[in-house]
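J.: Below: one structure in structure tokens.
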Amino acid sequence: MAMAIDGYECTVCGDCKPVCPTGSIVLQGGIYVIDADSCNECADLGEPRCLGVCPVDFCIQPLDD
């Protein structure tokens with residue numbers, strides 16, 4: 001599973017990008033997106049790091065298949 005950023009909720013603060021251990025978060029077309037192929041939800045860290053730093057509730061959520 002991977003995480004996803006809601007483009008409508010994201011404030012483009014950039015807090016998530018530097019904490020992503022897989023480098024899956026990139027700025028694309030003026031919004032941050034998470035590469036689902038490389039995101040592993042920080043499996044070995046207990047919880048996704050992006051969730052811990054995002055100032056907006058429900059901006060980053062598990063990607064629906």
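Cβ atoms here come from the backbone N, Cα and C positions, even for glycine.
Note that the structure is predicted; figures quoted are calculated from it, not measured.
Sequence annotations record features per position, and here Swiss-Prot assigns domain '4Fe-4S ferredoxin-type 1' to 2-29. Under the heading [4Fe-4S] cluster 1 binding site, Swiss-Prot lists C10, C13, C16, C54, citing similarity to another entry as support. Taken from Swiss-Prot, the feature [4Fe-4S] cluster 2 binding site covers C20, C39, C42, C50. Taken from Swiss-Prot, the feature domain '4Fe-4S ferredoxin-type 2' applies to 30-65.
Please go over these features one by one and say how buried each is and what sits next to it.
T.: For the domain '4Fe-4S ferredoxin-type 1' (2-29), the list of distant contacts is 35-42, 45, 48-56, 58-64: same-chain residues at least six beyond its ends, Cβ to Cβ under 8 Å.
Note: C54 ([4Fe-4S] cluster 1 binding site) has non-local neighbours D15, C16, I60, i.e. same-chain residues 6+ apart with C-beta under 8 A of its own C-beta. Under the three-state DSSP scheme, C54 ([4Fe-4S] cluster 1 binding site) falls in the coil class.
A simple way to gauge crowding: the CB of C50 ([4Fe-4S] cluster 2 binding site) has 23 other CB atoms within 10 angstroms, across all the protein chains here.
According to DSSP, the domain '4Fe-4S ferredoxin-type 2' (30-65) comprises 8 helix, 7 strand, 21 coil.
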J.: So of C10, C13, C39, C42, which of the binding-site residues has the fewest other Cβ atoms within 10 Å around its own Cβ?
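T.: Result for the binding-site residues C10, C13, C39, C42: minimum number of other Cβ atoms within 10 Å at C13.
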J.: Give me the count of other Cβ atoms within 10 A of the Cβ belonging to C16 ([4Fe-4S] cluster 1 binding site).
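T.: By my count, 24.
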J.: Please indicate, using numbers and ranges, the residues of the same chain that are 6 or more beyond the domain '4Fe-4S ferredoxin-type 2' (30-65) and have a C-beta under 8 Å from a C-beta there.
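T.: Residues 1-7, 9-17, 19-24 contact the domain '4Fe-4S ferredoxin-type 2' (30-65) from elsewhere in the chain.
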J.: Counting across all protein chains shown, how many other Cβ atoms sit within 10 Å of the Cβ of C20 ([4Fe-4S] cluster 2 binding site)?
T.: 21
